[in-house]
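Written out below as structure tokens is the structure these notes cover.
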Amino acid sequence: MFMLRLGLNRIPLGSLFTPLFGAVHLSFVHIIIKTSPPRTRSSLRDPKMEKNSEKVHDVEQAVEKPKHNHRGVKVMPFIIGNETFEKLGTIGTSSNLVVYLTTVFNMKSVTATTLLNVFQGTTNFAPLLGAFLSDTYFGRYKTLGFASISSLTGMLVLALTAAFSKLHPPHCGSKDTGNCIEATPWQLAFLLSGFGFLIVGAGGIRPCNLAFGADQFNPETESGKRGINSFFNWYYFTFTFAMMVSVTLIVYVQSSINWAIGLAIPTMLMVLSCALYFMGSRMYVKVKPEGSPLIGIVQVFVVASKKRLLKPSESPQQSLFNFLPANSINSKLAYTDQFRFLDKAAILTPEDAINPDGSPVDPWRLCGMQQVEEAKCIMRVLPIWVSGIIFYAGIVQQSTYGTFQALQSDRRLGGKGSFEVPAASYVVFTMLALTIWIPVYDRIIVPYLRRATGKEGGITLLQRIGIGFVLAIITMLVSAFVEVRRRNYALTRPTLEDLNKGRLEFFYHMFAGLGILNFGYFLICARWYRYKGCGGVVTIEMAKDSNQNGKHIV
């Protein structure tokens, strides 16, 4: 059912990819030039001119200048254009990979699913490292530039595996994939190198793109604040637009016309994304890296471990070392009595030296109470984050096993020979449901709940998360029921894949059971969780009010 309509080797596509090699090479050269420090000509300067320039420099320093020249809306065409084409390229490449691996690389469904799960999991962890490197060493501009080039390279590698017959195994003409020739080790290595470049690209793009766009506006002015809000709206609009186009048009080209063309389109879109990004280089605000917040969290645990033998004070609010930098963007957090072992990191001992401005000389020997409270915030929210693992593990099945189920379903709209919906396009129904549900929830359900509960948001954020977990359990049970009906029907007819040899409904039942256990764990964490406040349990509205200033880290 999912055999290619056109053979991979019927169209000479070598000339299509030759310009892409040149584009990648020029992009590498461009980023190297743009990120190199400017050259000076000090050896040619006249000594008198040097003295005059020093005087002028002193006068200029006396005049206070703005730290950055925020261009705001003027650079938005470059940034929004970059985001749009980047999302089109990335999503267009990754949306249909499970079908690509089974049809072009002749992988079993279980093998392809396992490979994609590892790829997606690594892709989601990579931004943690990317954020650390960006905040500590490179800054957002360089990180985004390098990551964009890496993503482009990964897309080019995948497109080449489809375009050239030597980079993928022979097409499997038989319906029984058990007789198909598997990919050679070097073909797999070339394919996995493309995945590796995509992982590096995601690790740099995901943690930096929103923040880099917000850097272009001055948050201290009303126009800058409005610009930031407008940028966020446009960002999510472009994401939705890219998702809809990718899972419909691009996926259709890949599945029904030609894989090489279908993967070349996202690659060329990524070339446009890189070009737009570097075109605006001279106008961007490039904030220098000032260190990762993760370092401060690690310091708290290290110092608390060093001072583990000390006894905490009975009045920690008055006795703990409390230092908040003058330029801190975080508002003052109230002391909480949870995780009191971390309070030891803020105990001042005779060995701890203090700078004239009140900061500790060695932050690996003494931390401030505010720094400790920030670490406590992370400790409180971490169990809530963990409860989302099972939820997202179930969600990701719609792009793997859900796609395999769609492949063995009747996807025709109308009678025989009519349009057939690509299997990877089924995710668009999830997006349509969200599009319909969000305004219904915001305009109808929330006002009703607000009147019923007396709370501004109707229900708390934790209650919303809990409802989502319950719906995820129901989704897995429905998926298992659908799979039983599909499999019983498929076993009476010729099959195309090895999916029917297993019992996928048991897999969905397992996720439903794990979801029930996870929901119980979440209820315990939600009852134990404390919002930021005066040491006790405060309402979500209080937390929302404190976040209006945008100063809390959690």
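Glycine is treated like the rest: Cβ placed from N, Cα and C.
The feature compositional bias 'Basic and acidic residues' is assigned by TrEMBL to 43-64.
Residues or ranges marked as region 'Disordered' in TrEMBL: 38-64.
Here TrEMBL flags 12-33 (among others) as transmembrane segment.
Annotated transmembrane segment per TrEMBL: 144-165 (among others), in sequence order.
What TrEMBL lists as transmembrane segment is 185-205 (among others). Distant neighbours of the transmembrane segment (185-205): 86, 90, 93-94, 105, 119, 122-123, 126-127, 129-130, 133-134, 143-144, 146-158, 160-161, 167-169; these residues of the same chain sit at least 6 beyond its ends, with a Cβ under 8 Å from one of its Cβ atoms.
For 234-253 (among others), the entry in TrEMBL reads transmembrane segment.
Annotated transmembrane segment per TrEMBL: 259-279 (among others), in sequence order.
What TrEMBL records for 381-401 (among others) is transmembrane segment. Proximity of distant same-chain residues to the transmembrane segment (381-401), defined by a Cβ-Cβ separation under 8 Å and at least 6 residues beyond the stretch ends, is recorded for 95, 98, 109, 112-113, 116-117, 120, 424, 426-427, 430, 462, 465, 468-469, 472, 475-476, 479, 499, 504, 507-508, 511, 514-515, 518, 521-522, 525-526, 528-529, 554.
Annotation source TrEMBL lists transmembrane segment at 421-440 (among others). Remote same-chain residues near the transmembrane segment (421-440) are listed as 2, 95-96, 98-99, 240, 243-244, 247-248, 251-252, 254-256, 398-399, 402-404, 406-407, 409, 411-413 (criterion: CB distance under 8 Å, separation of at least six residues from the stretch ends).
Remote same-chain partners of the transmembrane segment (461-482), defined as residues 6 or more beyond its termini with a Cβ less than 8 Å from a stretch Cβ, comprise 384, 387-388, 391, 394-395, 397, 402, 405, 505-506, 508-509, 511-512, 515-516, 518-519, 522-523, 526, 529, 540. Taken from TrEMBL, the feature transmembrane segment applies to 461-482 (among others).
The transmembrane segment annotation in TrEMBL covers 506-524 (among others).
Cβ atoms under 8 Å from those of the transmembrane segment (234-253) belong to residues 76, 80, 83-84, 87-88, 91-92, 95-96, 209-210, 213, 261-262, 265-266, 422, 424-425, 427-428, 431 of the same chain, restricted to positions at least 6 beyond its ends.
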